[in-house]
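Working notes, beginning with the structure itself.
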Ligand code: C5P
């Protein structure tokens, strides 16, 4: 069984954040965007309302589900929860790197074993480093003496050593993470604001345009409000995928 046989298309690299309250609304967004968006992210907001059964109801062979539940518990519990996620057929999911190396390694081992046992593709495991809602003062209050940037890099390196596939990172952090962890280590980047909406950052502190993020090394872009609030969401999604294509081309031809 290959480590992960998934070859994401450009469209799969655009992840729409299904930050809504019910199944019906989630379905409507999927129907509106599935022509342009390949991956849909179910986070705590939707998961606490629709549960695993609801997620199963959203599953469809032509779309990928990213389960953003940010697991953080003792190694055994996270390993068992990860098995549930593999069985659900999610394509990727998140764990908190602050759970520690043993927890991350137990998660990676359980996921590989369970996916192999079920004959399913192994979901990608992505680490959350320090929440972007923490600033330097908040991190210090928690006892972190390093600068957030250094702490983030350290956690990304630990995640890689423990067998994770990548991390969630801001557009500004991507380059240093790729440098420290290697280009194969995935960077999933939220806080994306399309070029013409660049000035409207909402509550995101460290934003980037789709093109910038991909040129810097982003492998997947997580986009919520710029699509939800667009008057033409499918058109906006098409434009983002086009930027992903250009950024990807620059990266693969080295024309940056
Ligand atoms: O595009 P928008 O700001 O609406 O996207 C927000 C989405 O990105 C949410 O689903 C949020 O959970 C996710 N996210 C984030 N910052 C992180 C990690 C994830 O905004 N550091």
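Every residue gets a Cβ built from N, Cα and C, even glycine.
Please treat TrEMBL annotations as automatic predictions, because they have not gone through curation.
Feature annotation from TrEMBL assigns active site, for OMPdecase activity to 68 (among others). Within 10 Å of the Cβ of residue 68 (active site, for OMPdecase activity) there are 26 other Cβ atoms, across all protein chains.
Taken from TrEMBL, the feature active site, proton donor covers 70. Taking all protein chains in view, 17 other C-beta atoms sit within 10 angstroms of the C-beta of residue 70 (active site, proton donor).
Secondary structure at residue 70 (active site, proton donor), taken from DSSP and collapsed to helix, strand or coil, is strand. Per TrEMBL, the feature active site, for OMPdecase activity maps to 70 (among others).
The active site, for OMPdecase activity feature in TrEMBL is assigned to 73 (among others). Around residue 73 (active site, for OMPdecase activity), the same-chain residues six or more apart in sequence whose CB sits under 8 Å from its CB are 81, 99, 103, listed in sequence order.
The substrate binding site annotation in TrEMBL covers 19, 41, 68-77, 132, 193, 204, 224-225.
If you look up TrEMBL, you'll see 1-38 marked as domain 'PH'. Within its own chain, the domain 'PH' (1-38) is flanked in space by residues 45-46, 49-50, 54, 57-58, 60, 62-64, 66, 68, 91, 112, 115-116, 119, 121-124, 165, 188, 190, 219-224, 227-228, 233-234, 237-238, 240-241, 244-245, 248, which lie at least six positions past its ends and keep a Cβ under 8 Å from the stretch.
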Cα-Cα distance linking residue 68 (active site, for OMPdecase activity) and residue 75 (substrate binding site), given in Å to the nearest integer: 18
Neighbourhood of ligand 1 - recorded positions from 19, 69, 73, 224 with Cβ under 6 Å: 19, 224
Restricting to the domain 'PH' (1-38), report the mean pLDDT as a whole number. 91
To the nearest whole angstrom, state the Cα distance for the pair residue 19 (substrate binding site) and residue 70 (active site, proton donor). 15
For residue 68 (active site, for OMPdecase activity) and residue 224 (substrate binding site), determine the Cα separation and express it in whole Å. 13
For residue 224 (substrate binding site), what residues in its own chain, 6 or more apart in sequence, show a Cβ-Cβ distance under 8 Å? 16, 17, 19, 190
